[in-house]
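This report refers to the structure that appears directly beneath it.
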Amino acid sequence: MSLQMVSSVSNSSLLQPGFSLLNFDGHVFFFGQKGWPKRSCPTGVFLLDIKQNELKMKPACFSKDSCYLPPLRYPALCTLRSNARSDEYQYIIHGGKTPNNDLSDKIYFMSLVSKNSKKMTFQCSEKDLGGDVPEARYGHTINVVHSRGRSMSVIFGGRSYTPLAQRTTEKWNSVVDCLPSVFLIDFEFGCCTSYILPELQDGLSFHVSIARDDTIYILGGHSLQNNTRSPNLYKLKIDLPLGSPAVTCTILPGGISVSSAIVTQISDTEFVLVGGYHSDNQKRLVCNTIVLEDSKIEIVESVSPEWTPDIKHCRMWFGCDMGKGSVLLGIPGANKQLIPDANYFYILRCKGAEEDKEEELTTQICSQTSSEDPGDSTPFEDSEEFCFSAEANSFDIDDTDTYNEDDEEDESETGYWITCSASCNIDINTWVPFYSTELNKPAMILCSSGAGHWVHAQCMDLSETMLLRLSEANVKYFCNKHVDLNKGLQTPQKVVCLKKQPMKPLRKKKTMKLSSTKKSFLRRLFE
């Protein structure tokens, strides 16, 4: 085994706990960032380019007929092939956490639709399921089994939030173990069936699962309810006849009490188990070799690499299988770097140089690697575990599209992520689409006051109907601050004042003066 450090360029802060890596045709793509995607890469998917031990990011794109794939952290992923020996495959992505810490129960299919020397285009579609649909969760595993010419996906384990009826204010976002049910999913008909097996008593999360033909081996895992790491080794066998599937479970000896371990395949029948935790405050620095032959499994201790002092003394670590016998490991940079969110990364190669060649890996591996997400809670609990999945490789794709974080606008002050008003609550890390027309950025509208300024439609309490009307009509809009009426939506029409003609002054009536003689005559007359 050899351990080599990887230097990240100016985009190391993107490599935060919770990401996943997808391997398409020898190229590795980064998926599932912690915040919502920025304008430079609205898809949130990047090509992970490793050249001369330097790591770079390049934005990826999706086809026009793709659905929106949110950046999910801690999802379950696996590859789906038409049969066990097929070269063509697509990724299944289930569950995970959104940037708002909501849990997803959706299932996505992601495939490569076009490729050239400078650009790779993906297609993503969402699959609707019926029957016993698994609840929203994270920290679980998904595998595909093949039996009698049929294929099905198997979901097991994970954690979810406490049901709404049982939540309290103090523990609103508390997580619990999902029930130890085994879910069989038939994607051909879109139906899902759950099985309760007596051998599976406790819920597990962040375990390792290895699928081969019609068998899945489940190793380790952590139980929140008992705060234990299972020493059991479970063997799930799925038989897929023309009728109803048959699922059986057997507890085998020789298991390992570990959570968040990483498995990589070094040959058709051999695997290496790396990393993980013995307990909440003890990393597992021992490596094991797993051999699968003739429906049997054997686990033996193997020679461990020479861990660096940084790895030995760090409080937590994370990583995942990179394919072809390599593992990507990360440790927090913490106080050793100017960027507080930056991490150190290493590539662990478990195969010798003479064995490091192209080979088809027909066995599926799904492991949920872990460590506490520093942004959510204290380190070294298994409540926030995360997964890497990649392949160490050199890429020949042109460097002109390399993502450079220094080129990214500070969208907290400009663009879509401004503070548009005193009551503005739009934040790049917590925002979710509010209108049906929104995808990865909030809808904005121009206020015509003065030189004009942009405001968020959601902050102005605009309905979707009114927003569409204002975007289509040729009218001026004034925000809540610059309009007399609190909900004014349009500049009042200018009223032309009519000029009033000045009134002519009234002439004074002439009075007739009477002499004293006439006055005396009139007085006597009326008497």
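Just so you know, glycine gets a Cβ as well, placed from its N, Cα and C.
Sequence annotations record features per position, and here TrEMBL assigns domain 'Recombination activating protein 2 PHD' to 415-492. Marked as Zn(2+) binding site by TrEMBL: C420, C424, C447, H453, H456, C459, C479, H482.
The Cβ of H482 (Zn(2+) binding site) has C447, S449, G450 as same-chain neighbours under 8 Å, each 6 or more residues away in sequence. The sparsest Cβ neighbourhood within 10 Å, among the listed binding-site residues (H453, H456), is found at H453. For the recorded Zn(2+) site, residues C420, C424, C447, H453, H456, C459, C479, H482 set the reference point as the centre of their Cβ atoms, and the other residues of that chain within 8 Å of it by Cβ are S421, I445, W454, V455, M460, N480, K481. Summary: among the binding-site residues (C420, C424, C447, C459, C479), the fewest other C-beta atoms within 10 A of the C-beta are counted at C424. Here the domain 'Recombination activating protein 2 PHD' (415-492) returns a mean pLDDT of 76 for the predicted model.
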